[in-house]
Amino acid sequence: MYLINLLAMIVPVLLAVAFLTLLERKVLGYMQLRKGPNIVGPYGLLQPIADAVKLFTKEPLQPLTSSPMLFIIAPTLALTLALTMWTPLPMPYPLMNMNLSMLFILALSSLAVYTIMWSGWASNSKYALIGALRAVAQTISYEVTLAIIILSLLLMNGSFTLLSMTTTQEYIWLLIPSWPLAMMWFISTLAETNRAPFDLTEGESELVSGFNVEYAGGPFALFFLAEYANIIMMNALTIILFLGAYHNSMVPELYTINFTIKTLLFTAFFLWIRASYPRFRYDQLMHLLWKNFLPLTLVMCMWHVALPIMLAGIPPQT
């Protein structure tokens, strides 16, 4: 039974990722006044299937000087971690109802850094290594603010369980009292998932393609899937933390529909940002975090510690 549940989560996520790639190409196309993919199937709807067949039937080439074991483990682990991060998300009921689900997600997103680092190192290519080091520095840096923002929100929530966020937001979205945190969170998720304007890991002008420069075919597709699964997961998490959908246990389907529509809108917003903004310079990226976001989030964290005590007494102990 558990295996069926697991498959019922993995298959839709992979399908969502496949069609997100199509949506991205369509959105970018229309924003640049062109059609995007429109040959394979009606309106190009079968393009993701064609892409998958093409990538997985290609020969998985490996550089002679690479470390073969790590070279294959890195993309596999990247996708495994990306899919595992979905398990504690309440939609409206999580696959694994953990007491520390928020910490679990943070820990897994930190582990995802290793896959990038290993792939860059195992490729034995200078470009890949520089791209990987950039990615690691960026991801680790932005995780600091993500953790502090999560801590601030959990002080209002009273526990590390994501399921209780729906109860917390029954009357008001947390977006409204803590909108500065929401803005910083959204920008940090962009940086955490290596999306434009923070896609410095894939700086074509200086690094050819970033940490996955030596990958082709299947392993490259696994990295691609992991990246997009992370994007949708981060947006789902944003919805759970800031725009909690109303959950009525009589009709849980309503929660799912509400949650899915909001996640889709945020994902489309990610694509819109990619089409609109140029890439940051690396020092600007780090400056934004360490000099702007970190002091602000620390102050906001202190504010969220003080606020419940000032207004109501000690925070809820659930």
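Each Cβ is built from the backbone N, Cα and C atoms, and glycine gets one as well.
Annotation comment: Swiss-Prot describes 3-23 (among others) as transmembrane segment, evidence class sequence analysis.
According to Swiss-Prot, the transmembrane segment annotation covers 69-89 (among others), on the basis of sequence analysis.
As annotated by Swiss-Prot, transmembrane segment applies to 102-122 (among others), with the evidence given as sequence analysis.
The transmembrane segment annotation in Swiss-Prot covers 144-164 (among others) and rests on sequence analysis.
Residues annotated as transmembrane segment in Swiss-Prot: 171-191 (among others).
What Swiss-Prot records for 222-242 (among others) is transmembrane segment.
The transmembrane segment feature in Swiss-Prot is assigned to 253-273 (among others); the stated evidence is sequence analysis.
Residues annotated as transmembrane segment in Swiss-Prot: 294-314 (among others).
Remark: the transmembrane segment (102-122) contacts the transmembrane segment (222-242), by the rule of 3 or more CB pairs under 8 A. Within the chain, the transmembrane segment (3-23) has long-range Cβ neighbours (under 8 A, six or more residues past its boundaries) at 37, 44-45, 47-49, 51-52, 83, 86-87, 95, 224-225, 228-229, 231-232, 267-268, 271. Comparison of 144-164, 171-191, 222-242, 253-273, 294-314 by number of C-beta pairs under 8 angstroms to the transmembrane segment (69-89) places 222-242 first. Taking every listed stretch (222-242, 253-273, 294-314) in turn, the largest tally of C-beta pairs under 8 A with the transmembrane segment (144-164) is reached by 294-314. Residues 144-145, 148-149, 151-153, 155-156, 178, 180-181, 184 of the same chain lie 6 or more positions beyond the ends of the transmembrane segment (294-314) yet place their CB under 8 Å from a CB of it.
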